[in-house]
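The annotation disulfide bond is assigned in Swiss-Prot to CYS87-CYS217, CYS105-CYS121, CYS196-CYS263, CYS228-CYS242, CYS253-CYS277 on the grounds of experimental evidence. Residues or ranges marked as active site, charge relay system in Swiss-Prot (evidence: sequence analysis): HIS120, ASP164, SER257. Per Swiss-Prot, the feature Ca(2+) binding site maps to GLU132, ASN134, VAL137, GLU139, GLU142; the stated evidence is experimental evidence. The feature sulfotyrosine is assigned by Swiss-Prot to TYR211, with similarity to another entry given as support. Residues or ranges marked as site 'Required for specificity' by Swiss-Prot on the basis of similarity to another entry: ASP251.
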Amino acid sequence: MCGPDDRCPARWPGPGRAVKCGKGLAAARPGRVERGGAQRGGAGLELHPLLGGRTWRAARDADGCEALGTVAVPFDDDDKIVGGYTCEENSLPYQVSLNSGSHFCGGSLISEQWVVSAAHCYKTRIQVRLGEHNIKVLEGNEQFINAAKIIRHPKYNRDTLDNDIMLIKLSSPAVINARVSTISLPTTPPAAGTECLISGWGNTLSFGADYPDELKCLDAPVLTQAECKASYPGKITNSMFCVGFLEGGKDSCQRDSGGPVVCNGQLQGVVSWGHGCAWKNRPGVYTKVYNYVDWIKDTIAANS
């Protein structure tokens, strides 16, 4: 197997899924979605959507041969807000931006020194930016703290995105104030119909790209597990749940990944994946934080 952190790093500029390596297999580049769901990528690859609008199965490689596995599309890093609104400045003090030269994923501050994000957002070097609203402007409220430890869930699966959760230990504690503070972990699982708040600096378009400078918010309900599984047959595990609208139009998107889904003041979800952004019958899929509360607490205790 060869993936973004293995023997072909030049092919993978950002977080991605593992691929089987074969002669002539090249990394796909983002292209336009064509009729029938196919997409044309780099090196002559014909691509078909698999998960998240980020990962595609290659039908043939650069030499015209059958590709051996899945190709992770470099998506400039990760997931999205479509159909939302600009958040009130510093109204979500738990929201963080993960930066590696530029913003690439979101996260949530759960204690003075720990952040929850998505495992597929993993990079070896991450700067956590707290107190942000406009990520292109220094507004005077920010705290930039490097990651001291980056810990993916031990059972994270890059192919299925199961257990898509990661902890980041800050090199020094955040200074808690009105603009930087923590969000509580869940005490009960997310109930269908509950209104939640999703936030991030991700793409605001279902087709094309428009990345905002200011933090975007989206109010959306938790869907039933039956609705979630019907939207993605065979792909929803017990660690995943769906939030959004089956009619489409509102969703998280690229570069929102790792960010928070907050319901009744508790961190219930982590932005994980979806098929496209804000497509009909393709709601966003989120990591169910409730399932990982014990792992989070045990990991923090073991790395304090």
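The backbone N, Cα and C atoms fix where each Cβ goes, and this holds for glycine too.
On a predicted model such as this, the values are computed, not experimentally measured, just so you know.
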Closest of ASN134, VAL137, GLU139, GLU142, SER257 to CYS121 (disulfide bond), Cα positions, recorded positions only: SER257
Listed in sequence order, residues not in GLU132, ASN134, VAL137, GLU139, GLU142 with Cβ within 8 Å of the centre of the Ca(2+) site Cβ atoms: GLY131, HIS133, ILE135, LYS136, LEU138, GLY140, ASN141
Recorded positions listed as GLU132, GLU139, ASP164, least Cβ neighbours within 10 Å: GLU139
Recorded positions clustered about ASP251 (site 'Required for specificity') [Cα within 10 Å; pool: ASN134, CYS196, SER257, CYS277]: CYS277
Where ASP164 (active site, charge relay system) sits in the secondary structure, as DSSP reduces it to three classes: coil
Chain-internal residues near CYS228 (disulfide bond), provided their CB is under 8 angstroms and they sit 6+ positions away: ILE236, MET240, PHE241, CYS242, PRO283, VAL285
Intrachain C-beta neighbours of CYS196 (disulfide bond), sequence separation six or more, cut-off 8 angstroms: PRO190, ASP219, ALA220, PRO221, VAL222, VAL243, VAL261, VAL262, CYS263, GLN268, GLY269
Other CB atoms within 10 A, centred on HIS120 (active site, charge relay system): 30
Cα separation, CYS277 (disulfide bond) to SER257 (active site, charge relay system) (Å, whole number): 12
Nearest-integer angstrom distance between the alpha carbons (Cα) of CYS217 (disulfide bond) and GLU132 (Ca(2+) binding site): 14
Residue among recorded positions HIS120, ASN134, GLU142, CYS277 with Cα closest to the Cα of ASP164 (active site, charge relay system): HIS120
Rounded inter-Cα distance in Å - TYR211 (sulfotyrosine), GLU142 (Ca(2+) binding site): 20
Nearest of the recorded positions (CYS87, GLU132, GLU142) to CYS105 (disulfide bond), judged by Cα-Cα distance: GLU132
Whole-number Å value for how far CYS277 (disulfide bond) lies from ASN134 (Ca(2+) binding site) (Cα to Cα): 23
By Cα-Cα distance, the member of recorded positions CYS87, HIS120, CYS253, CYS277 nearest GLU142 (Ca(2+) binding site): CYS87
